[in-house]
Amino acid sequence: MLDGIFSFVLLDTRDNSFIVARDAIGVTSLYIGWGLDGSVWISSEMKGLNDDCEHFECFPPGHLYSSRERAFRRWYNPPWFSEAIPSAPYDPLALRHAFEKAVIKRLMTDVPFGVLLSGGLDSSLVASITSRYLATTKAAEQWGSKLHSFCVGLEGSPDLKAAKEVADYLGTVHHEFHFTVQDGIDAIEDVIYHIETYDVTTIRASTPMFLMSRKIKSLGVKWVISGEGSDEIFGGYLYFHKAPNKEEFHQETCRKIKALHQYDCLRANKSTFAWGLEARVPFLDKEFINVAMNIDPEWKMIKREEGRIEKWVLRRAFDDEEKPYLPKHILYRQKEQFSDGVGYSWIDGLKDHAAKHVTDKMMLNAGNIFPHNTPTTKEAYYYRMIFERFFPQNSAVLTVPGGASVACSTAKAVEWDASWSKNLDPSGRAALGVHMSAYDEKANSVSKAAEFEKIIPMESSHVGVAIQS
């Protein structure tokens, strides 16, 4: 019956029995550990357990643990969890109303708040709905009806430009934070210490968010509303262009949602709470997920001949001619992963920095030194060295998922395109022939938009505006 995000321990003082539970998707973080003396330890951070527990692991989301049964039980059992293919027809208005309800539900507050605005579809929709309905909430009576928006990026990055345009359109009080590649590199050790992972994509994206969260908190803001979860629910990552059929498309979205607690939720929760800032994520509302995951996945499929780009069902739901939520070219802007959107030179700078600290000789021994989830790039090796300095226990290493990935895919989805196995990089630009600024296969340079046209023809009006932006 609980609807929200939570991690808690409930103690019965009569017999010292207890239950532990974590929210449905794992937006909040939680770990469980066991001591040699028979003790059970619970912590929202791994660093609270690693000195006292013989073994510890991630507490699975949507589960509870009972001290009486000494076992986990899954309490969250939605229809989509079985990965059976749904068949409900696509209803744009039902999807729109479900998401508006999820956003409004999260506007309960007695402290100052704001919205994270990258200028992409997800955060822009969240900002648009929030600004549209804020005046009718109790929060507006206390803090005013002007919404504060926040964006971070390298000077001249895609996100900064798009976010400013959306902020101007919505009339928010916009705060733009700049960072340099060196600022990010200087923060890497702190980021890994706080977010507790060595996953490359998560570290790339957490660093700008970590730097921004510090500045947001310094302004007196206590929580922010953010757009995590949309790409997993709607197949928004660029590799979904290659999904062979609706069954595989749907099963991949299910796998991505189930893994969110190890990736985007972990990033959003820990990089903000490192500074005492809370992040609320309406796309991961239980009711909204049920509505969105019940749509026949045929509607979510990317169909270039019909002008349907990634997340078309969500874009179409908010394409209102009479009362526009967003400008058309923002509503149909191509997906940018956060670590790309803050500025392409950010990832390139990280790779260059790692190459200075990890030699070719070191890479030759990677399999012997790191037998589990062996790093295959110098960047991954560099993060792993830092991680194991903070968390040397084998239990810590096992909390981080591994496997092949391209543009944030699961290992299973790498099979969709034979060429991807030779280009395993989590950046969206690794989706060769899909991203407009894709890596060149030979020179690792930026390819022309013509490469994109091979996959999605320019004749489509929706794609045309996306490319124009």
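Cβ atoms are placed via backbone N, Cα and C, with glycine included.
Residues or ranges marked as ATP binding site by TrEMBL: LEU116, VAL152, SER226, GLY227. The domain 'Glutamine amidotransferase type-2' annotation in TrEMBL covers 1-70. TrEMBL lists GLU228 with the feature site 'Important for beta-aspartyl-AMP intermediate formation'.
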Inset, instruction - Would you mind checking how many other C-beta atoms are within 10 angstroms of the C-beta on SER226 (ATP binding site)? - result: 24
Legend entry - Intrachain C-beta neighbours of GLU228 (site 'Important for beta-aspartyl-AMP intermediate formation'), sequence separation six or more, cut-off 8 angstroms: ASP122, LEU260, ASP264, CYS265, ARG267, ALA268, ALA279, VAL281, PHE283, LEU284
Inset, instruction - For the domain 'Glutamine amidotransferase type-2' (1-70), give the DSSP counts of helix residues, strand residues and coil residues. - result: 3 helix, 28 strand, 39 coil
Inset, instruction - Output, ordered by sequence, the same-chain residues six or more apart from LEU116 (ATP binding site) with a CB under 8 Å from its CB, or 'none'. - result: SER123, SER149, PHE150, CYS151, MET212, VAL224, ILE225, SER226, GLY227, ALA279
Inset, instruction - For GLY227 (ATP binding site), list the number of other Cβ atoms lying within 10 Å of its Cβ atom. - result: 24
Legend entry - CB contacts for VAL152 (ATP binding site) [other CB atoms within 10 A, all chains]: 29
Inset, instruction - List nothing but the largest Cα to Cα distance in Å, as a whole number, among the residues LEU116, VAL152, SER226, GLY227 that the record says bind ATP. - result: 15
Inset, instruction - Within the domain 'Glutamine amidotransferase type-2' (1-70) only, compute the mean pLDDT. - result: 96
